[in-house]
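First up is the structure itself, then whatever we jot down about it.
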Amino acid sequence: MGRVSAKSGWAGIRNDTEVTVVQARILFASAEAAPLAKVGGMADVVGSLPSVLRGFGQDVRIIMPFYGFLWEQFGEEPGQYRRSKEPIWAKQVMGQVAEIYESVLPGTDVPLYLVSHYCFAPHRIYYGEDEFWRFTFFANAVAEFAWTYYPWKPNIIHCHDWHTAMIPAWMHQASDIGTVFTIHNLAYQGPWRWQLERMTWIPWYFSAHNAMAAGILYADQVNTVSPTYAMEIRTPLHGEGLQDLLAWKGERLRGILNGIDLDKVDPSTDPALEATFSLSDLRGRAVNKAALQTQTGLAVNPEVFTLGMVARLVEQKGIDLLIQALDRFLAYSDAQCVVLGSGEAYYEGRIREMAERHPGKMSYQQGYQPKLAQLIYGGADAFLMPSRFEPCGISQMIAMRYGCVPIVRRTGGLVDTVSHHVPSKGIGTGYCFDRYEALDFYTCLARAWEAFQHKETWQALQKRGMATDFSWQRSALEYLRMYELILNLPLLPEATPSKGSEPVQGNSHSKITHDSNPPSPAKPRSTFPKR
Ligand SMILES: Nc1ncnc2c1ncn2[C@@H]1O[C@H](COP(=O)(O)OP(=O)(O)O[C@H]2O[C@H](CO)[C@@H](O)[C@H](O)[C@H]2O)[C@@H](O)[C@H]1O
């Protein structure tokens, strides 16, 4: 492939060495973006995918709420992140004034817009009686901003989960702004139609019964975060009541596997670890294991099988199975386990009780603790993910990159990312079970525990996981192909590999250059896929 330059029109292949492609303006709208505001995996995706897409020459930016806990992180003082002194945009939205400040996502070159209003002042992201109002307000502000901020008008708004799902409905008849809606979690669907009607304006053509359904119905393209989950949600078992709508969406619903940022998620440089390590030298893992055992009150012993789990403690994550199977497994074996996370009070209580029943063998660490999470990935021998359903899962990919063998239920993205260990054939990257049954999980734990006793094959298993390519490159290409379908313009040179091809290695995107201020590509609406 020759040199690639992003221009405002498709000029085809000019000669053997130069190809002209379009640069689109894409606005990611999300309630979370790592490292600023994170509850779960959606923050990881929104915090890492835009940089990769920018590497492909696209002008990608992020818009998110300016939460109260972020205010003290932005300012003029040393050590603080910079933002514009004054709002760059202000407007009446739902009877209140929304203001937007401009900044850059820390650690990247991705421009960031922060939507400010006193409803975001509390030091939390979710929950609270006004949760529906706050995110409907946010979505409304994003739509108004996209329509009226002339210095930078997006061609596509890329919306994430129910918090931004009304944007496709409002944009449905906008002639020059397309929408993509990504489902990270179908279980949370946002306000019902009657609640939306009380809070905001809904268009005359609106026929969705809640916010999530609106995103699916009106977005030009919809995706979820793994191919298997994209199939599963078309069925009553996983469709959360929206299976018919999702099945009707046809080819405009696809599964694009999440990736991880290999530069940030790297055991050879991670400052949160007690000792760094790499594929060629795993010795640091033993140091991390000892540190993990000490810090979490587990018996310090390099020989025992140490399990780890980092998750929101909600039904989705298979906590019921954990409670049923782990208690017996700890009683039966010399294994130990540390669980990090918070969530539903019932689950927190049961796990705490389990920790009290097995002192030195079981530890419960409550709260959101990113440093401890990394130590679990880098120190535990195996990682538990017995999910009831899993759109993709980021944790099992991080675990594999850190040599922590995943033990997972075969569902959603876990099917697409973890393969079962068969020692006789020297294949597999983890342990998998099918049915959502405590006995099956227990059996899987016992098999992994037995395999752990064989150090050489276990290390080979760890290394296969560490060597697996979970980079964003291939998935970013699939997102770009999806944007192309909306814009009906090429964002990538024709020869660029996409779905089904080998992962793009190295710095292929470093070949892309783009004009400093290219004009916006016009979006011919008539070319939109018709419903
Ligand atoms: N207590 C804690 N302390 C520190 N870190 C913690 C933590 N609890 C969780 N984390 C971190 O949050 C992330 C969890 O990501 P996951 O994708 O595994 O699950 P989640 O259900 O949140 O994401 C949803 O969105 C993502 C993104 O699309 C999908 O992969 C997934 O299937 C879907 O459920 C990991 O980076 C993990 O380390």
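Glycine too: its Cβ is placed from the backbone N, Cα and C atoms.
Note that TrEMBL annotation is computational and uncurated.
Pulled from TrEMBL, these are the features on record:
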BINDING   Lys38  ADP-alpha-D-glucose binding site
DOMAIN    25-247  domain 'Starch synthase catalytic'
DOMAIN    302-438  domain 'Glycosyl transferase family 1'
REGION    496-531  region 'Disordered'
DSSP puts the residues of the domain 'Glycosyl transferase family 1' (302-438) at 53 helix, 32 strand, 52 coil
Under a three-state DSSP reduction, the secondary structure at Lys38 (ADP-alpha-D-glucose binding site) is coil
Over the domain 'Glycosyl transferase family 1' (302-438) the mean pLDDT stands at 97
A correct count of other C-beta atoms within 10 Å of the C-beta of Lys38 (ADP-alpha-D-glucose binding site) gives 17
